[in-house]
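Trainee: Here's a structure for you.
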């Protein structure tokens with residue numbers, strides 16, 4: 001069965017813009033990181049990495065719900081007055097939550113540095129870098145809005161400029177001021193990214209005559225409680241479950257941190273597999289939200305099919321290639337890693353299931369059932385935690401890898417069953 005050309009063409013165009021921008025930004029950032037490591041040295045780079053990762057984790061937790069909210073609700077409406085209120089609400093909320101995240105880092109920098117990380121000199125780095133949190137939360141929110149407006153070309157241009165500026169700033173400042181310079185470069189690149197996002201958004205709003213009014217935006221507050229809040233809580237639950245599994249590896253295995261290093265090496269390849277599916281997430285959610293809100297159920301079904309086809313094809317090919325070279329890939333980390341090729345193979349299988357769940361998650365978001373999605377994530381966390389506890393206890397690393405497969409397989413079954421019967425019940429035109 002062939003898909004309508006208009007849907008295929010629009011989806012492909014948005015996907016290509018999204019991928020090209022994301023690949024350039026990721027590549028330039030990775031290249032800059034390599035040069036920074038060579039410039040400031042191993043120990044200093046480790047300090048920079050832990051500070052940056054902590055800041056981005058806080059920004060991700062506070063901003064992920066707003067990004068999806070922007071994509072979902074902006075794509076679903078054409079009323080410019082309602083769009084103006086929704087966009088205003090998302091910007092205002094991102095500013096407030098970003099400031100809270102920055103304040104958290106700022107006031108807890110002593111505790112994080114001395115008590116948690118046990119490195120007192122990191123306090124100054126967190127003090128400087130805390131500013132980046134608020135800008136990254138705003139970036140996440142506006143990126144979601146621009147995605148909902150189908151402005152993937154604008155996002156690609158933003159990523160192109162930010163990629164060049166990040167590379168230049170990190171190299172120049174780290175070479176002159178070491179870790180301090182790298183942190184300042186990280187903050188400045190976030191500011192540039194934020195200003196570019198605001199520029200492209202306000203330019204579009206001016207052309208489309210969408211009025212940004214923060215005073216009336218709170219009339220749309222319900223989208224925060226029924227969509228943003230469960231999204232944030234669900235992501236925290238998932239992150240917590242994974243963190244607990246890492247603790248179990250350290251506590252229940254003989255190797256402890258050595259075993260943790262092996263599973264983390266395997267999970268790096270999981271991130272590589274999920275790069276494309278994660279990049280396509282806003283493209284999928286935008287198309288689904290628009291067709292579902294317009295009650296174009298045949299288009300909605302076609303978008304779902306196309307999303308599954310593309311995700312399965314791309315992820316499947318990547319997984320297949322990595323699966324056959326698993327032993328060699330683990331060997332890249334050292335001779336002690338090469339014997340754990342089976343662990344990577346199991347993680348690769350789980351990664352394919354995760355990519356499928358990524359599409360299912362966007363379907364849940366498009367029909368606005370995020371509290372149901374939160375319950376699914378909570379159930380996944382329970383299954384994963386229990387299976388990883390017993391898996392690690394009796395089979396070590398292999399038990400944890402199987403826990404990923406088992407939990408995501410069950411997650412796929414109950415989520416797919418729910419969306420199929422939910423949408424099928426609501427309209428007879430729906431078909432997969």
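Glycine residues also receive a Cβ, built from the backbone N, Cα and C atoms like all the rest.
TrEMBL entries are annotated by machine, without manual review.
Grabbed the feature section from TrEMBL, which reads as follows:
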{"type": "TRANSMEM", "residues": "48-66", "note": "transmembrane segment"}
{"type": "TRANSMEM", "residues": "86-107", "note": "transmembrane segment"}
{"type": "TRANSMEM", "residues": "127-149", "note": "transmembrane segment"}
{"type": "TRANSMEM", "residues": "156-173", "note": "transmembrane segment"}
{"type": "TRANSMEM", "residues": "179-202", "note": "transmembrane segment"}
{"type": "TRANSMEM", "residues": "223-249", "note": "transmembrane segment"}
{"type": "TRANSMEM", "residues": "269-288", "note": "transmembrane segment"}
{"type": "TRANSMEM", "residues": "308-326", "note": "transmembrane segment"}
{"type": "TRANSMEM", "residues": "338-360", "note": "transmembrane segment"}
{"type": "TRANSMEM", "residues": "398-421", "note": "transmembrane segment"}
Trainee: Based on Cβ pairs under 8 Å, which of the stretches 86-107, 156-173, 308-326 lies most in contact with the transmembrane segment (127-149)?
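Mentor: Against the transmembrane segment (127-149), the leading stretch is 86-107.
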Trainee: Assess whether the transmembrane segment (86-107) lies in contact with the transmembrane segment (338-360), where contact requires at least three Cβ pairs under 8 Å among residues 6 or more apart in sequence.
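Mentor: They are not in contact.
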Trainee: Among the recorded stretches 48-66, 179-202, 308-326, 338-360, which has the greatest number of Cβ pairs closer than 8 Å to the transmembrane segment (269-288)?
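Mentor: Comparing 48-66, 179-202, 308-326, 338-360: 338-360 has the most Cβ pairs near the transmembrane segment (269-288).
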Trainee: Same-chain Cβ contacts of the transmembrane segment (338-360) under 8 Å, 6 or more residues past its ends?
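Mentor: For the transmembrane segment (338-360), the list is 262-263, 265-267, 269-270, 273-274, 277-278, 281, 284, 304, 307-308, 311-312, 315-316, 319, 322-323, 326-331, 397-398, 401-402, 404-405, 408-409, 411-412, 415-416, 419.
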Trainee: Six or more residues out from either end of the transmembrane segment (308-326), which same-chain residues have a Cβ under 8 Å from its Cβ atoms?
Mentor: 11, 15, 269, 272-274, 276-277, 280, 341-342, 344-345, 348-349, 351-352, 355-356, 358-359
Trainee: Residue list, the transmembrane segment (48-66) vs rest of chain: Cβ under 8 Å, 6 or more residues beyond ends.
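Mentor: Long-range Cβ neighbours of the transmembrane segment (48-66): 36, 40, 90, 93-94, 97-98, 100-101, 104-105, 112, 117, 122, 125-126, 129-130, 132-133, 136-137, 139-141, 144, 179, 182-183, 186, 227-232, 235-236, 239.
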